[in-house]
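Per Swiss-Prot, these features apply:
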COMPBIAS  55-68  compositional bias 'Polar residues'
REGION    29-48  region 'Disordered'
REGION    55-76  region 'Disordered'
REGION    439-454  region 'RNA-binding'
REPEAT    86-124  repeat 'Pumilio 1'
REPEAT    125-163  repeat 'Pumilio 2'
REPEAT    164-200  repeat 'Pumilio 3'
REPEAT    201-236  repeat 'Pumilio 4'
REPEAT    237-279  repeat 'Pumilio 5'
REPEAT    287-324  repeat 'Pumilio 6'
REPEAT    326-361  repeat 'Pumilio 7'
REPEAT    372-411  repeat 'Pumilio 8'
């Protein structure tokens, strides 16, 4: 009794059958057995003896010979020159397409002229069956000749290729590491109408699944990077939903994609479409701010909040909103979280002066002191495994301002604020020095407050007070007529 076999589409060429698995993941070559099998075809570049400067891609040699035993050396085979037309006539096109060297030959010899009859024959052969076309897309080697078709396709050929992609399972192609290259190139090379149809098809898929898949996310990234924003507004609307945003941001691939979307929407305010992009950006950022606390505490989503806080330009308003609405009044708890503590560090570093003042004051005096343990927020953070990094950042900010590492020149009144914060932290560190020395983080904190060259409040006041010569110059400028007498 004949065993049951999976039904497959086969192509018979020169005594060989090419069977495609139903998932189109690979293309297998099954040759009929014979007593003297022909060895694999080896493709070698050939240079004509009379013209050593000609391109290696102009001609190729196929070396073939009869089978021989291991102890025999086969006679040298005569070179056989073959053209693309002969490949077609001999039914070897698919053989070449799935062979590493053969596909290079096809790419190099695929005619550029859209009216060339051989080119039309190659295109028709490779697209005559959806099963064959999709099988090549999923093939390690075959995808390269399909990319060549996509790159040089006329509008009519683009429509045919698009039909093949959709009929063959576009979502499956997006999730395959070879076929996804074909889809990405189509997004880049097809004309507007065909790309629009391709985007319309993509918009019907499970976007959350695509954004969290390490292969298909490259297709979405190509959409965001290459195409006009008005072609992927559907994706921004998708992200602007709380559940969708959390699903994408909490993924190690998706969190980077959200940053790229923000970057694209906020870029180049001088372009005419900026007003439209700002509306989309505001919709997305409203959702991010609303979910800021949850995002900050996630292993991957916290990078999105950090990215917003570190951004400049139009994003500064959203940075300030996040600090004001989400971080303030939660600094102590978030500083003790493994991932949110990174967000707090960034907020201290990039906060504008007014918000930085509020953050510092919250740490120093914003929480009720634990009377039984005699500890306040600063004491807790000094000895916490994550909170100590926040304290180190606070010390670093004050030190940079006091020794003149700030980009802008700070007035004496502001410097006195930094000096006051620095002295509070220094006194507290010295008070707990014996305990802090037990930990490597504690030793770093002690070293940071014992640095030389940090001016005190008295030194800042002395520097701010005008000297006798400065007072004289000011007096002369105010009363020039007095000196003329």
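Placed from the backbone N, Cα and C atoms, the Cβ positions cover glycine too.
Mean model confidence of the repeat 'Pumilio 3' (164-200) amounts to 97 (pLDDT, 0 to 100 scale). Taking Cβ pairs closer than 8 Å, the repeat 'Pumilio 6' (287-324) reaches residues 239-242, 245-246, 249-252, 254-256, 258-259, 262, 266, 269, 278, 281, 330, 334, 337, 339-340, 342-343, 346-347, 350-352, 355, 359 in its own chain, all 6 or more past its ends. Beyond the repeat 'Pumilio 3' (164-200), the same-chain residues lying 6 or more positions past its ends with a Cβ under 8 Å from any Cβ of the stretch are 23-25, 127, 130-131, 133-134, 137-140, 142-143, 146-147, 150-151, 153, 155, 158, 210, 213, 215-216, 218-219, 222-223, 226-227, 231-232.
Each residue of the repeat 'Pumilio 3' (164-200) gets a DSSP state, and the totals for helix, strand and coil are 31 helix, 0 strand, 6 coil. Sequence-distant contacts of the region 'RNA-binding' (439-454) (same chain, six or more residues past either end, CB-CB distance under 8 Å): 382-383, 385, 388-389, 391-392, 395-396, 399, 402-403, 422, 425-426, 429-430, 432-433.
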